[in-house]
Amino acid sequence: MSIISRQAYADMFGPTTGDRVRLADTELWLEVEKDFTIYGDEVKFGGGKVIRDGQGQGQALSRDCLDLVITNALIIDHWGIVKADIGVKNGRIAGIGKAGNPDVQPGVTLVIGPGTEVIAGEGSIVTAGGIDSHIHFICPQQIDEALCSGVTTMLGGGTGPATGTNATTCTPGPWYMARMLEAAESLPMNLGFLGKGNASLPDALHEQVAAGAIGLKLHEDWGSTPASINNCLNVAEETDTQVAIHTDTLNESGFVEDTLAAIGDRTIHTYHTEGAGGGHAPDIIRACGLANVLPSSTNPTRPYTVNTVDEHLDMLMVCHHLDPAIPEDVAFAESRIRRETIAAEDILHDLGAFSMISSDSQAMGRVGEVITRTWQTAHKMKVQRGSLGSDPARHDNTRIKRYIAKYTINPALAHGISHEVGSIEPGKLADLVLWRPAFFGVKPSMILKGGMIAAAPMGDANASIPTPQPVHFRPMFGALGRAMHSTRMTFLSGLAIRSGLPAQLGLNSLIGEVKNCRSVKKAHMIHNDWQPLIEVDSQTYQVRANGELLTCEPAAVLPMAQRYFLF
């Protein structure tokens, strides 16, 4: 038997079981848990390589072979960190295992034939496309930024740079809902829109769900009163849709206790649950410990740094149409920004009490930084708190699975779309992101939508090879023409689908139904289901979880930052 060194093997086929990989320039290290490929029978494409006729490629017809194989990929997902070939068929994930030609190779579960395209995954990390569940649809250019960061699904509301949209994630009323669904047809991104949930009577909310809303958004700028909260949740229960809430910072219509009483035991997604993005001051963070609350953060406070507090005030004044000349407006802004609760938010993420991270795009958050900010938070906690209890000193697999779940599977579960997206599992849309380890979480090397490359860094189109400068992200064929309709998905309520809305509006994209939104609970938030008793001191803003004080220092330096953006 021929022997090859681990280094030589990793250089040729990528890391295998027991090998460790550093994520970008962070202090996070993964260790490969399992290798689904077979030593000596790995498949690789290229001159003199394996995937050639009669060798790694067989004679199967298209119906019996893959459309695409990603070879020797290092997969990071909530369910594991493994090395495998990834098969794609008809725009969906066909399997994770060993690819090749079963006529001459043992253990083949994914058949390569003449109709199979190849993406070389050797040395690359593959993750599921990210899901950003807090989008203000202020401008369509957000989609390009998000896609090129590794996000493939965006959920939220808005109509463009209207004053209401600048502040709230609502697409109000059937007319605007229809127009946004029509606009979505031209965007290479899975999209779902939230209607405005602030109403004390149900009819105006029902008509928005019937018009296609995947859920309803309660926002304090429209009045998040106990009456509107109760009514909105009643409609959601009847229509199997989710409710997202930005609670009452000013405590005008009640305190956090009143909001929680209005919610009762019904499921709700609480946006920016720490409070700097808005919510009962100073103690909305208490909600993250409840069984029916699905808590998320937005990325302006991720992670806590020496600059976090300073930049928030001006952002807040602009986004919520406040006047710096009015003392009450300034006091409103200042009440939302508390060092103590932001610091506690870092730790609550690390312990799995906060379940999701999103952007709050152009409304205090940066749409292209959800993934980067998530891993910066994980790094900061590793440096400040050490390894998680279940991780040995040599790797951070538990922490890595916890943090990747925050922007993939958990928002998918929260909004009833986990049957379509959110993880690398057979049957789901092949929304996949490839990364070189040195650039992980910062700059993808390829973004697939529905099994087709939608965006990638690309060099001069007039060059003799693909790599000459200037290299920058460019749209690829999967983002163009009718191919885009076959590889992107618009999410709608079941009520809208059953009433024939896609045909009425002439929608040509894939249609996904949101479902099981009302049965999901905090316990279903994978790796992020901790439910501590949270207490906030109303004078000092100190936060305790099960009696333990939560505090940490702001970071002065972060990885995944300037060194990656010199060019």
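Heads up, the Cβ atoms here are built off N, Cα and C, so glycines get one too.
Keep in mind it's a predicted model, so treat the numbers as computed, not measured.
Listed in Swiss-Prot for this protein:
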{"type": "ACT_SITE", "residues": "H320", "note": "active site, proton donor"}
{"type": "BINDING", "residues": "H134, H136, K217, D360", "note": "Ni(2+) 1 binding site"}
{"type": "BINDING", "residues": "K217, H246, H272", "note": "Ni(2+) 2 binding site"}
{"type": "BINDING", "residues": "H219", "note": "substrate binding site"}
{"type": "DOMAIN", "residues": "129-567", "note": "domain 'Urease'"}
{"type": "MOD_RES", "residues": "K217", "note": "N6-carboxylysine"}
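Known features from Swiss-Prot, placed on the structure.
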{"residue": "H134", "record": "Ni(2+) 1 binding site", "Cβ contacts under 8 Å, 6 or more apart": "L155, G156, T169, A244, Y271, H272, S296, T298, S358, S359, D360, S361, G365"}
{"residue": "H136", "record": "Ni(2+) 1 binding site", "Cβ contacts under 8 Å, 6 or more apart": "G156, G157, G158, T165, N166, A167, T168, T169, D360, S361, Q362, A363"}
{"residue": "K217", "record": "Ni(2+) 1 binding site", "Cβ contacts under 8 Å, 6 or more apart": "G156, G157, T168, T169, C170, L194, G195, K196, G197, V243, A244, I245, H246"}
{"residue": "H219", "record": "substrate binding site", "Cβ contacts under 8 Å, 6 or more apart": "A167, T168, T169, C170, K196, N198, I245, H246, G278"}
{"residue": "H320", "record": "active site, proton donor", "Cβ contacts under 8 Å, 6 or more apart": "A167, D221, G278, F332, A333"}
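The binding-site residues examined here are H246, H272, D360; by Cβ neighbour count within 10 Å, the least packed of them is H246.
Taken together, the residues of the domain 'Urease' (129-567) have an average pLDDT of 96. Taking the centroid of the Cβ atoms of K217, H246, H272 as the Ni(2+) 2 site, the other same-chain residues with Cβ within 8 Å of it are H134, T168, T169, L218, H219, A244, I245, T247, T270, Y271, G277, G278, G279. For the recorded Ni(2+) 1 site, residues H134, H136, K217, D360 set the reference point as the centre of their Cβ atoms, and the other residues of that chain within 8 Å of it by Cβ are I135, G156, G157, T168, T169, A244, H246, Y271, T298, S358, S359, S361, A363, G365.
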